[in-house]
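Chemist: Can you read through this structure? Questions will come right after.
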Amino acid sequence: MEQTNTLLEDVLVIKSPAFFDQRGGFIKLFNQQATVLEHYEIKQVNFVQNKEKGIIRGLHYQTGAFAESKFFRVLRGSIQLAFVDLRTSPLDYKKASTITLDKPDMGVLIPKGFATGYLTLEANTDVLYYSDNIYEPSSEKGIRWDDPLFKIQWLTFNPDLSQKDRAWPNMNNTNEQ
């Protein structure tokens with residue numbers, strides 16, 4: 001597995017070995033023996049089916065003992081993956097970035113302390129993401145998808161959002177991070 005860095009510290013783009021022939025293909029989606037993933041312990045795997053283009057899920061994160069790193073892949077379709085650094089110590093505090101994922105051999109590892117979300121860029125998009133912690137509703141937090149503080153350049157102006165995601169506050173309006 002090959003890794004490259006993104007614009008924000010500690011967020012890694014990981015390219016997996018892929019093999020294709022006339023029968024189809026094989027992609028090693030996760031290999032804990034790969035240097036970049038050797039300390040990543042999977043506790044939960046989530047598969048999300050998105051029926052329509054223009055769906056935004058997020059921005060979500062968990063706090064305290066349930067803070068989590070996430071490793072995203074797109075199995076079918078494409079997404080604009082957004083991530084916001086909420087760690088108070090690095091130079092990238094409150095900075096946001098996005099990356100397009102449209103191939104199953106590409107993944108993005110986002111460490112603890114980031115809020116994440118994504119926009120589906122086409123209908124019938126399937127997303128797989130691994131987490132190094134379990135989902136705990138009492139630790140879940142969120143930030144409004146279009147919070148002006150982060151200046152995320154979403155590729156839509158009128159997304160399809162869940163009621164929960166629509167209700168998240170802007171970062172300036174939250175007491176907790």
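Keep in mind that glycine also has a Cβ here, set from the backbone N, Cα and C atoms.
Taken from TrEMBL, the feature active site, proton acceptor applies to His60. As annotated by TrEMBL, active site, proton donor applies to Tyr129.
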Chemist: With an 8 Å cut-off on Cβ-Cβ distance and a minimum sequence separation of at least 6, pull the same-chain contacts of His60 (active site, proton acceptor), or say none.
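Modeler: Within the chain, His60 (active site, proton acceptor) has Cβ neighbours under 8 Å at Ala115, Thr116, Gly117, Glu140, Lys141, Gly142.
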Chemist: Long-range same-chain neighbours of the residue listed as 'active site, proton donor', Cβ under 8 Å, sequence gap at least 6?
Modeler: Val45, Asn46, Val48, Lys70, Phe71, Phe72, Arg73
Chemist: Taking DSSP three-state, what's the residue listed as 'active site, proton donor' in: helix, strand or coil?
Modeler: strand
